Amino acid sequence: MTRVWRYVKSAPLTYSWLVVLLITTILQHSIPARHLRALLQKESTNLHHLASDPIRVLIQSLLWIDGKYWWPYLIVFTLFLAPAERWLGQWRWLLIGLVCHVGATYLSEGYLYWRIQEAVSSPRLIDARDIGVSYFVVGIVGVLTYGIPRRWRWPYLVATVVVFGVSLAIKRDFTQLGHFGALLIGLACYPLTRSRRREPSAA
């Protein structure tokens with residue numbers, strides 16, 4: 001138990017964020033579906049909100065998960081975000097994650113805007129729901145490539161590119177484009193890791 005607590009304390013931003021997500025997930029389960037839809041729509045980083053109130057929705061969209069269950073995020077955060085925070089340090093981790101979140105959001109919504117302008121997608125998608133932590137998470141998954149042991153670096157990179165590339169090829173929607181874009185942005189953050197080349201240490 002001491003080792004677990006020591007590991008949690010070594011990544012305070014990761015696990016503080018998880019606590020916030022746990023609270024908001026409990027809230028999602030405790031309010032009527034109609035109110036929940038309205039709430040998540042209000043916090044969505046869609047085209048309408050990015051044009052009218054971008055800073056608010058870019059921040060508040062990180063406080064909600066777009067799904068019913070919290071526990072998968074506990075696993076993903078522990079496997080990827082916590083080691084990355086320990087390796088990069090809190091502020092560099094936060095900077096890279098936010099760059100990926102913002103960059104991938106504008107990439108995906110820009111692509112959606114283009115599709116609407118070309119009459120390929122419905123104008124109703126201006127108010128599409130786009131909420132959650134995935135762009136931040138995928139960006140950190142990408143930059144973590146440079147922090148894992150060298151012998152695993154290429155297999156890890158190939159696996160991540162295949163996973164998100166196949167998802168994009170199959171679904172070909174703006175969300176999957178955002179995920180792939182977040183991965184590439186995370187990989188492009190290599191210069192921010194150059195003084196942190198040592199691999200994340202074990203718990």
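Heads up, residue numbers simply count up from 1 along the chain you see.
A Cβ is built for glycine as well, from the same backbone N, Cα and C atoms used for every other residue.
Counting residues 6+ beyond its ends, the transmembrane segment (12-31) has Cβ neighbours under 8 Å at 39, 62-65, 68-70, 73-74, 77-78, 81-82, 85, 90, 93-94, 133 in the same chain. The annotation transmembrane segment is assigned in TrEMBL to 12-31 (among others).
Within the same chain, residues 7, 10-15, 17-18, 21-22, 25, 96, 133, 137, 140-141, 143-144, 147, 192-193, 196, 198-201 sit at least 6 positions outside the transmembrane segment (70-88) and bring their C-beta atoms closer than 8 Å to a C-beta of that stretch. Taken from TrEMBL, the feature transmembrane segment applies to 70-88 (among others).
Using a Cβ-Cβ cut-off under 8 Å and counting only residues 6 or more beyond its ends in the same chain, the transmembrane segment (93-114) has close neighbours at 13, 45-47, 50, 58, 62, 81, 84-85, 121, 125, 128, 130, 135-140, 142-143, 174-175, 177-179, 181-182, 185-186, 189, 192. Taken from TrEMBL, the feature transmembrane segment covers 93-114 (among others).
Residues or ranges marked as transmembrane segment by TrEMBL: 126-147 (among others).
Annotation source TrEMBL lists transmembrane segment at 154-170 (among others). Residues 138, 141-142, 144-145, 148, 176-177, 179-180, 183, 187 of the same chain sit 6 or more residues outside the transmembrane segment (154-170) yet have a Cβ under 8 Å from a Cβ within it.
The transmembrane segment annotation in TrEMBL covers 176-193 (among others). Nonlocal intrachain contacts for the transmembrane segment (176-193), taken as residues 6+ away from its ends with a CB within less than 8 angstroms of a stretch CB, comprise 88, 92, 95-96, 99-101, 103-105, 107-108, 111, 130, 134-136, 138-147, 157, 160-161, 164-165, 167-168, 170.
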